[in-house]
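Structure record follows, encoded as structure tokens.
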Amino acid sequence: MRKIILLGYMGCGKSTIAKTLSKIIRVPFVDLDEYIEEKAGLSINAIFEQHGEIKFRKMEHAAFVDLLNAPGDVIIGLGGGAPCYANNHELLHGKNVLSVYLKASIETLFNRLVANKSKRPLIANKNEEEMKEFIAMHLFERSYYYNQAQHIVSVDEKTVDETVLDILAILA
Ligand SMILES: Nc1ncnc2c1ncn2[C@@H]1O[C@H](COP(=O)(O)OP(=O)(O)OP(=O)(O)O)[C@@H](O)[C@H]1O
Ligand SMILES: O=C(O)C1=C[C@@H](O)[C@@H](O)[C@H](O)C1
Ligand SMILES: [Mg+2]
């Protein structure tokens with residue numbers, strides 16, 4: 001039983017990379033944000049708006065534990081903040097767990113997020129300058145938790161396939 005966990009800041013490519021990896025190694029992919037949305041019957045945006053971030057972080061922790069305890073192999077794409085709350089970073093070293101931090105620079109993240117921020121409540125209302133500053137500060141605060149992953153793969157300047165190859169080498 002293998003639990004492959006991809007983590008990293010919003011926009012680093014967790015969902016995109018996991019989908020390709022899933023097809024190649026034939027292990028199902030579960031996106032933690034989507035799992036939470038299905039369980040709650042609400043979008044992440046709606047959960048933040050109606051219940052607040054603290055409630056979301058509790059739901060996120062419960063969902064992560066659920067997935068780790070479910071039988072069978074799985075690739076789990078964590079939400080961007082998941083490793084940073086509720087001691088979730090300790091779960092990155094659990095039994096049967098292989099955790100990979102997809103590390104992206106501020107510039108890469110900004111370029112990817114600027115085009116598609118509406119579904120990401122933490123940045124949805126920021127202008128470009130505010131967004132850049134927010135990403136820089138937030139990434140700095142979160143790096144400690146992201147660096148708890150067992151493996152770190154840099155994604156800057158890489159295609160999806162190149163990043164997937166790096167992960168396959170770790171899995172080999
Ligand atoms: N080389 C690349 N690797 C991964 N994603 C890329 C790459 N180049 C561009 N992208 C784009 O970056 C965007 C963010 O990717 P994705 O949604 O997979 O990130 P994420 O880490 O799952 O974000 P979130 O935490 O918000 O769910 C997507 O629009 C994706 O197509
Ligand atoms: O970085 C974060 O804190 C978040 C990232 C998304 O994946 C979602 O889990 C939510 O928008 C919060
Ligand atoms: Mg995603």
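Just so you know, glycine gets a Cβ as well, placed from its N, Cα and C.
The ATP binding site annotation in TrEMBL covers Gly11, Cys12, Gly13, Lys14, Ser15, Thr16, Arg120. Sequence-distant contacts of Thr16 (ATP binding site), defined as residues of its own chain at least six apart whose C-beta falls under 8 angstroms from its C-beta, comprise Val160.
The Mg(2+) binding site annotation in TrEMBL covers Ser15. Taking Cβ-Cβ distances under 8 Å and a sequence gap of 6 or more within the same chain, the neighbours of Ser15 (ATP binding site) are Asp31, Gly77.
Feature annotation from TrEMBL assigns substrate binding site to Asp33, Arg57, Gly80, Arg142. Under DSSP, Asp33 (substrate binding site) is assigned to a helix (H, G or I) in the three-state scheme. Long-range neighbours of Asp33 (substrate binding site) (same chain, six or more residues apart, CB within less than 8 Å of its CB): Ile44, Gly77, Gly79.
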Rounded distance in angstrom between the Cα atoms of Gly13 (ATP binding site) and Gly80 (substrate binding site):
10
Distance between Arg57 (substrate binding site) and Arg120 (ATP binding site) at the Cα atoms, whole Å?
15
Starting from the Cβ centroid of Gly11, Cys12, Gly13, Lys14, Ser15, Thr16, Arg120, the recorded ATP site, name every other residue in that chain with its Cβ within 8 Å, sequence order please.
Gly8, Met10, Ile17, Gly77, Gly80, Leu102, Arg112
